């Protein structure tokens, strides 16, 4: 087994494991001992990221609880001086306060672990251990956020718009990197002949799901010709899928049919989320009649959004080498398995992102219970994210061709 992380277009992550193995011994994982012993002794940095993900998920759930059930679950908050009857500590501002505590926690972890070069030093032990102290720190920072003056929280809310955008960009590059890595694995000389049928089946399934998704969105969200905006969103998504497929299959690119199929799934999902984020009312988004009861699709969307957010931070955090511009060198025997600083940076920006989702990207916006990322601002953020994802993917396909063309032109000159 090996932990090998490379840039886009290469083998991104051959294997990651917290289980004992001969190679893991070089990365600070004891050959003997249970996962609990490794967690207790702070000896497994791979295990540590699961704990950070749980802390992040707990912040998400707390922010949701403060927003939807704060007045019933946390009546003591109304007595705080800064809360003014709960108005400034619950609802949208309560979400921002929980997000602020989470952001400060992971920012502190970033500052204390950034540029950690090797295992077994104090910063490595701090990242992978000292859980009682770090959990106590997270709780203290979250509680302190409710004592902060309102104007500071409002300033943080404005900054969080930018931080959430950074998180979306990092997540986008990571998803495209994973899709490219998966395609490279399937096309490798070792398994390309054996798995040709599997690749074609996966690509075919991806396109079928994309087509079904497009059709269902037309049926659900564009039932009348007057739904021009939704028709535009859905039709343009279909055009983008066709564009990605055509570029990928061009003889000079020859990237195969799998990656555009998987990217098609990604952009269809983003388009669906964008349209679902539109406010209730009208014949195009029929949510008004369900405003007084919980919509099962809304609950599913809410759960998927929370899990996707945690999974994105969980997986993107170890993908720092995809963002390195310099040529990558072989890691040393005792090098850290992933960039600790980048890992915590992703979680810090993720804290801003979940706040924006829960308040609909509007600090003065009131969102109903069991809803997430609702509002026209949320819709356009999703749509722009979809278009940007396609642009980044097309650039990753065309960049090697353009670079080769420039090199040939310079040599000929």
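Note: Cβ is positioned from N, Cα and C throughout, glycine not excepted.
According to TrEMBL, the feature transmembrane segment maps to residues 338-359, out of the candidate ranges 8-29, 338-359. Looking up the ranges 30-49, 50-69 in TrEMBL, the one annotated as transmembrane segment turns out to be 50-69. Between the transmembrane segment (90-111) and the transmembrane segment (338-359), three or more CB pairs separated by 6 or more residues in sequence fall under 8 Å, so the two stretches touch. Only sequence-distant pairs (6 or more apart) were considered; of these, fewer than three Cβ pairs between the transmembrane segment (338-359) and the transmembrane segment (228-249) are under 8 A, so the stretches are not in contact.
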